[in-house]
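Here is what TrEMBL says about this protein:
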- 17-41: transmembrane segment (TRANSMEM)
- 47-64: transmembrane segment (TRANSMEM)
- 85-104: transmembrane segment (TRANSMEM)
- 110-131: transmembrane segment (TRANSMEM)
- 152-172: transmembrane segment (TRANSMEM)
- 178-197: transmembrane segment (TRANSMEM)
- 227-244: transmembrane segment (TRANSMEM)
- 266-290: transmembrane segment (TRANSMEM)
- 297-317: transmembrane segment (TRANSMEM)
- 329-355: transmembrane segment (TRANSMEM)
- 367-391: transmembrane segment (TRANSMEM)
- 397-416: transmembrane segment (TRANSMEM)
Amino acid sequence: MPNIANSLSSQIFTRKMLICVFTGFSSGLPLFVLLQMLPVWLTDKKLSVELIGAVTGVMLPYGLKFLWAPLLDRYFPSFLGRRRSWLLISQVILLALLYAISLFDPISQLSIVANIALFIAFFSATQDIVLDAYRREILSDHELGLGNTIHINAYRIAGLIPGGLSLYLATIYPWKTVFLWTALCMLIGIFMTLFLAKEPKIDAPENNQPFYQAFWIPLKEFFQRKGFTQAIGFLLFLFLYKFGDSFATTLQTKFIYDMGFGKEDIALVVKSTSLWASILSGLAGGVMMLKLGINRALWLFGFVQMVTIGGFIWLAKFGHFDIITSTELWRLGIVIAAEYIGVGLGTAAFVAFMARETNPLYTATQLALFTSLSALPSKGLGMLSGYVVGAVGYYDYFWLCLFLAVPGMICLFWVAPWNEKKFA
């Protein structure tokens, strides 16, 4: 047992894993400013819900980042290398934009505020492209599971600043001061880029070919390496693996409201339980992948991810609660904890799998394509969920979500066989 513990600690407490903490924090901070801090600021400025919805609907760059990812693979300033140069540029610009947005009045200068928010989303997505590629290039195949898990959980914890600390400070200090302090948190990412991160020793693709080749060659390499049939199956798997899970959580807050729970219940039970359940399960999953390997983790964690959707089915069966007592709160807490244990485990394996399947020459392009495709169920088809609930009700809707998780598990027979002895 001591030898096992020493072996695990030697893999966990390394410079690479420390860098993954920094990459996660730097990635999560600007995203959660847009998702959590910006809407509260606009609400405090008395903007209508329609205008707030329009301004906060600037997340499109996150879903389209595969369009400019090839340029980051191929063209780059030379002062810090291919990855670190783009990282520093995007992080410095983000620091400036996160403060600059507070200098304008959302009432009289709403278009400027909206455009700055759009630029924050663009440079945040750009930073994500480079951070994803950088992690893939510094982590061995064996380290991908744990490294990506640490990144994801640091990313979630970063949300506590704009979604918690900054909002509390806004009750004491002017919004400009709060935005400045929040923006200065980007210095953590800049510190990583300048002093912790080392440029990966991987040759960049040649840039003496026509411009369109920056887009075409990474796709061509992927299909040639996999073969057309297996490549299509792989892309289909990316779309399906978290389909049911994403569909189930899309209307989670609305479902909980409709069950009779209040805002306080959501704040105290749902938000805290989901955060810590996903963080702890994700970390546990990352450590388990060191022993299981990515393929077997996809099977085991995917099964947990699928089965825990059943908690929503169980809760929906009760119907609307007229009175919320400790019993109902415990039921809600159990369902949310189970669901986000599944989310944490499934995400840990899934992100590691996507990173594993990239070619180091084209990491940014291929990983951006994979993550964009995997996000379609929640960011694209998720808009249909409300219509489905309206037609069949929550109980049947969550049964549908459970069944939608099955095809992704079936795909594992081809894309990640249980007995395939590889971490790569």
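Cβ coordinates come from backbone N, Cα and C, glycine included.
Just so you know, TrEMBL annotations are computer predictions that nobody has curated.
Counted as Cβ pairs under 8 Å, contacts with the transmembrane segment (297-317) are highest for 329-355 among 85-104, 152-172, 227-244, 329-355, 397-416. Against the transmembrane segment (397-416), stretch 227-244 shows more Cβ pairs under 8 Å than any other of 85-104, 152-172, 178-197, 227-244. The list of residues near the transmembrane segment (152-172) in space but at least 6 beyond its ends in sequence, with Cβ under 8 angstroms from a Cβ of it, reads 20-29, 31-33, 35-37, 40-41, 44, 178, 181-182, 185, 275, 278-279, 282-283, 347-348, 351.
If one looks beyond the transmembrane segment (17-41) by at least 6 residues along the same chain, the residues whose Cβ comes under 8 Å of a Cβ in the stretch are 52, 55-56, 58-59, 62, 91, 94, 98, 101-102, 106, 117, 120-121, 123-124, 127-128, 131, 134-135, 138-139, 143, 146-148, 150-159, 161-163, 166-167, 170, 175, 179, 182, 185-186, 188-189, 191-192, 196-197.
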